């Protein structure tokens, strides 16, 4: 079969992601998959910075994967489209985004560490999108690797119903291969098969026979319970066939009732091919997952369903935008239904704009295979889309649909950035625009008071990498300020009937608007932070001016009353007002709306909110006291303490403002033996003494 054919038989297609904690060996695993499926001829190692999937210079330097490139490969006449997802917590947006377009995933775990904090987080995100998974316990050759411990951590920490379908043969340096519990044979890689292309199928070693029987029984019990006929057969003492067992495991996996567990060592080239077989055997094809659901543009309540068939109208979701050195903007799309040829016109139904599809490619890391047609169930890169950004839907102009978009968190950390020269100024705005297209969690605004450009992101590493990309890809020389916390302001109590009259009389037509509002704390169910309601009756304010009051109020919310941070979580109710036949205008009511909101907010017990991070520190027992003391001194609240593979884990909620430079402090307190991870948890009110400092700093007193 030619490499560049796209399979139209969707039962043979798998769209999968490989998800894991930073160092569980995700990129290495992906590399091996590409090697054994015959695309990459030289195995790339992350250690040497030569991995095929890590295509930005920085990824190769830091040895972590930032952009999820989509890669296509073939295995035994099946086509696998892999989306590489980053494991670092600052890149959760990339992970969420890739999960949205996957049908299944391989969760890679470190055989020594088992489930780590980050793996927990990625696992929960996959739960959110209901992604079926198989688990691969990697690094079985590492000293201290323990398959059974890893499986236990999956049950305890993830609460997952896992079914081992393989057991390791040997461990650490003597790791040779796996026992296949479905076929009841051992698969071993001999020492002379350097790159592990060949493995031998042999009888199960005698010392493992008992363990294999025990786990085989567990597997069969789980399998038998999926189906009445199998249960009868099993209870009647008959052997279940290999096909019956595989079919049942597939059923359990696709419904996310259970997660098969395999093991191996990608770095030592052992266990990768059986894992590929498991991807085909157990993970869903585009036909096994629910059809895509969306709504008619502009009508949220009119639901539309698109099945993964080429006979349906075309629909696709853009899940990533990347900048390519030659082609400019590359948009990665998952086609959910229908088919479309390159050069066709489609509509971006999210934004209501027409787009023309230039060239279509299926990607291999950063090499491209051009294709003529994009069809349902596959992932493509497209050139030539102008207005499409992450999360937008493309559809057939005559049958429009908006697929559910993705939700992105607000930035929690900001830095001011100043170009060094006039020419850098232009490059800076171009680079910011490009990066914002690629990454929706990267936000930019102009600080009105200082005139500086401020960029915001999900963490220090996230901003470091963005600034670094500006330097490398766009050659921007800029001075970067110290990271600042993204504070917000809100109100604590209801204030009724605040009025404001805006009038100006300077010859000619004046300006006049009078408004009366009440203001109260508010949190929407869908996470909305603002609501406007008009209770004006009897035309006291003409209908066309009411949106202006709303717009004015929202303008005023950009700069809070205490320290100029954005105001959130409030509801404005417009009660009454007055207008003047000649002097009233939209502008007058906008100004009135803006001023009355400031006046009301100042009276509604305003407070400052700060981002609180969920911090998890893993430390040897000896340093436990120091770590806890240090977290307490950072205004941390200890949530839980537990033991994890001989180390202690402290979970705490700590304000982000207290976490700057924590890496260094933790190293020196624990002689480099502890590590930590942190992820945004929520916004909470700042204590009064800290609030005073923040206000004093902001108002320059």
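Backbone N, Cα and C define each Cβ position, glycine as well.
Marked as domain 'tr-type G' by Swiss-Prot: 11-287.
According to Swiss-Prot, the feature GTP binding site maps to 20-27, 84-88, 138-141, an assignment based on sequence analysis. A sphere of 10 angstroms centred on the C-beta of residue 20 (GTP binding site) encloses 28 other C-beta atoms.
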For residue 140 (GTP binding site), nearby residues of its own chain (Cβ under 8 Å, 6 or more apart in sequence): 111, 147, 168, 171, 175, 263, 264, 265, 270, 271
Mean per-residue pLDDT computed across the domain 'tr-type G' (11-287): 78
